[in-house]
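A.B. asks: Can you keep this structure in mind? I'll have questions shortly.
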Amino acid sequence: MITRIRLHWVALVAMCVAVAWAVIRVGPRIPFPDSWFGQEKWPYPNLEAVQAYKRSSPIGYLLAETLHLDQSTWLVLFYFVASIVAMLLIATWVWLELAGSSQRSRGFRLAVLAPLPGLLFMTIGGYDPFTAIGMGLALFAWRRNSKLLMAAAGVYLGIQHFEQAVVAILVWTLAVMALRGDGAAPVRSRISPLWAYPGVLAGKIALLAVLSLNGVDASEGRLFWLQSSEWLRRAVSGAVGFAPVFVLSLFAGLWVIVVLGFVLTPERRSRLLLGASLAIAVAFSVITLDHTRVFVMVSIPLISILIVSVLSNERATSQPQLLLVAEAMAWIVVPMTLQGTDNVYVDPMNFLDQGIMFLQQLVPI
């Protein structure tokens with residue numbers, strides 16, 4: 001009994017350390033200029049066409065306005081807390097899915113050491129945390145096996161980020177189809193993620209209606225980038241030219257889990273579906289300038305399911321050394337982001353300087 005209690009506390013401490021390390025190791029930073037915060041109210045009618053995509057992801061901005069966060073310090077804290085919430089929401093889903101498993105705390109740690117938290121803390125002030133929260137809500141709705149809740153989560157995602165939601169749900173659905181026959185996977189009797197699509201469409205229509213009523217041209221959103229052959233050329237050439245870094249950045253330290261997911265999938269058809277799921281996410285990220293960021297966002301359900309599937313598989317759990325190596329890689333390999341506008345670059349990793357500057361942003365509080 002005493003040993004069990006001690007193990008419980010050790011697992012809890014390890015989970016807390018993983019959360020802290022996920023934040024610290026990337027050097028939390030605010031890549032957006034202070035002048036952006038609080039200068040305008042949504043839907044930002046004066047944005048240039050190249051920046052108009054920001055009005056198509058309004059939930060974070062609207063919450064900040066509702067809370068009257070008109071000082072950059074409080075806005076930084078607001079977006080930082082939102083990133084924490086998104087990370088813990090996804091990790092909690094993984095933890096709940098592994099109920100009764102000896103790998104429960106490991107699943108939580110892998111989820112917080114995944115590329116998503118690293119991305120969120122490297123881009124504090126962006127709208128990604130609120131998109132990730134929507135993905136987490138969709139996962140919980142799926143866990144409840146509720147078509148209504150799936151549609152409701154879809155409405156949220158349709159308002160927040162229609163394009164990423166459409167791709168993420170397709171990637172998610174293919175992964176579920178691939179793992180449906182795996183007795184260890186948490187997908188045997190779940191409804192199809194496609195039930196979120198009606199809500200996603202409804203959310204997008206509602207957003208377009210609101211923009212139109214405010215006299216804003218909704219066509220200036222993310223389609224602006226896809227309509228330009230020059231931007232598309234830059235995106236593809238950047239991803240191809242930096243292919244080794246691009247591939248590493250997709251899953252970072254969770255590549256071992258991904259490979260195990262394929263190896264442990266018994267049927268050829270299932271592997272093909274899992275491969276198609278991954279290929280769609282990669283293709284979508286290649287044609288966008290924010291390569292890694294886009295991939296990480298649309299693969300949130302995919303990587304969450306793979307973590308649970310691998311840690312639920314008896315073949316994997318019977319080899320504790322293998323899982324130890326998988327987790328060690330997650331701790332060691334730091335998430336990075338490959339992106340490009342005029343020049344392609346890899347996000348810097350001076351975590352000490354970045355962390356100190358971030359703390360200085362919060363000192364006035």
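For all residues, glycine too, the Cβ spot is worked out from N, Cα and C.
Copying in the features that TrEMBL gives for the protein in this structure:
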TRANSMEM  7-24  transmembrane segment
TRANSMEM  76-98  transmembrane segment
TRANSMEM  119-142  transmembrane segment
TRANSMEM  162-182  transmembrane segment
TRANSMEM  194-216  transmembrane segment
TRANSMEM  236-264  transmembrane segment
TRANSMEM  271-288  transmembrane segment
TRANSMEM  294-311  transmembrane segment
A.B. asks: Can you work out which residues elsewhere in the same chain, 6+ from the ends of the transmembrane segment (162-182), have a Cβ less than 8 Å from its Cβ atoms?
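C.D. replies: Hits for the transmembrane segment (162-182): 56, 131, 134-135, 138, 154, 188, 190, 192-194, 196-197, 200, 203-204, 207, 222, 264-267, 270-274, 276-278, 280-281, 284, 294, 297-302, 305-306, 309, 313.
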A.B. asks: Is the transmembrane segment (236-264) in contact with the transmembrane segment (119-142), using three or more Cβ pairs under 8 angstroms as the rule and ignoring pairs under 6 apart in sequence?
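C.D. replies: Counting Cβ pairs under 8 Å, fewer than 3, so no.
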A.B. asks: Could you pull out which residues elsewhere in the chain have a CB under 8 Å from any CB of the transmembrane segment (236-264), counting only those six or more residues past its ends?
C.D. replies: 110, 113-115, 118, 182, 271, 274-275, 278, 282, 285-287, 289, 291-292, 295-296, 299, 303, 306-307, 309-310, 313, 315-316, 322, 325-326, 329-338, 340, 344, 346
A.B. asks: Between the transmembrane segment (294-311) and the transmembrane segment (76-98), are there three or more C-beta pairs closer than 8 Å, counting only pairs 6 or more apart along the chain?
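C.D. replies: Yes; at least 3 Cβ pairs under 8 Å.
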